[in-house]
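Here is what TrEMBL says about this protein:
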- G7, A8, G9, T10, M11, G12, D30, E86, K91, S109, N133, K264: NAD(+) binding site (BINDING)
- 3-173: domain '3-hydroxyacyl-CoA dehydrogenase NAD binding' (DOMAIN)
- 176-272: domain '3-hydroxyacyl-CoA dehydrogenase C-terminal' (DOMAIN)
- H130: site 'Important for catalytic activity' (SITE)
Amino acid sequence: MRVTVIGAGTMGSGIAEVFALNNHEVLLSDVSNDILNNGRKKIEASLEKFKEKGRIKSVEDVLEKISMNTDINAQESDLYIEAVLERIDVKRDVLSRIRSDAIIATNTSSISITYLSKFVRNPEKFIGMHFFNPPPIMSLIEIVRGNSTSDETTKKIVEISRSLGKTPVEVNDFPGFVSNRVLMAMLREAIIAYEENVASAEGIDTVMKLGMNHPMGPLELSDFIGLDVVYDIMNVLYNDTGSERFKPPITLRNLVYAGKLGRKTGEGFYKYK
Ligand code: NAI
């Protein structure tokens, strides 16, 4: 199958890697060659780890499956996956520029699939395919049907997800779907606990790791997701529901304004080397 992945950031590069690992021909697209090269480096580093673990024989053979281009229509594909910033204006621009009648999936974390379907040529062929970070490791894909998504499109995406070795779960088009509705409420409460000095960042994370058996604490996880991404998702949920339980905390906003976006910039709630 030929697949176009638009956005070569944290998620797009990982999604491109997943398809390449499964022998599909991938076009990875982003706004500049520098960003694409960074995406390639991330994929290469991840593939090196797979090689060390003996899960693949050759990094080059997998990398060869991925071509890169700033033109999102450079390859005629069977599936397009949008993984650009969590902003409606950016997604609208990208989705409306795809010149194809193939299925288009969005990796959005929180924006309504029904709303985004207004920007594509065939809303019945538009669906949410929500991967988790990092896509090559995480086995869940949340499949989100918009109001116009056809049964055929859903069936196809469920089949593709299984063929990638993932577990698809079908959910309906509600703000944050299942994953971010539950997760964002928890991350927000952890950030407010930090603001109020209930405990240090390490203290909050250790309580949640050892007490609730979470593999990562909520502040550590926020840094891992990217604080700008967390902030954008909370804003979408807050606007869509009007509920205080998603209102972005000021500490989060200020970290984002300061460019401290978590692991990807070397600092967020924690500092990274
Ligand atoms: P990111 O900031 O790492 O990457 C976004 C990429 O989109 C950047 O490389 C940017 O240059 C590119 N981009 C912006 N405008 C573009 C355009 N017009 N054409 C092509 N590329 C463009 O963000 P990340 O974390 O990869 O998130 C992408 C999407 O995935 C968002 O919708 C986010 O909500 C979702 N998501 C993020 C997860 C995470 O843990 N970070 C998990 C699951 C979904």
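Start at 1 and count along the chain as shown; that gives each residue its number.
From the backbone N, Cα and C atoms, a Cβ is placed for every residue, glycine too.
Helix, strand and coil counts from DSSP across the domain '3-hydroxyacyl-CoA dehydrogenase C-terminal' (176-272) read 66 helix, 3 strand, 28 coil. Closeness to ligand 1 is met by G7, N133, these being the binding-site residues among G7, K91, N133 whose Cβ falls under 6 Å from the molecule. Cβ contacts within 10 Å of N133 (NAD(+) binding site), excluding its own Cβ and spanning all protein chains shown: 15.
Taken residue by residue with DSSP, G9 (NAD(+) binding site) is part of neither helix nor strand, so it is coil. Here H130 (site 'Important for catalytic activity') comes close to N107, T108, S109, I141, E142, I143, V144, F177, S179: these same-chain residues lie at least six apart in sequence, with C-beta atoms under 8 angstroms from its C-beta. Residues within less than 8 Å, Cβ to Cβ, of G7 (NAD(+) binding site) and separated from it by at least 6 positions along the same chain comprise S29, D30, E82, A83, V84, L85, V94, N107.
Model confidence over the domain '3-hydroxyacyl-CoA dehydrogenase NAD binding' (3-173) is summarised by a mean pLDDT of 97.
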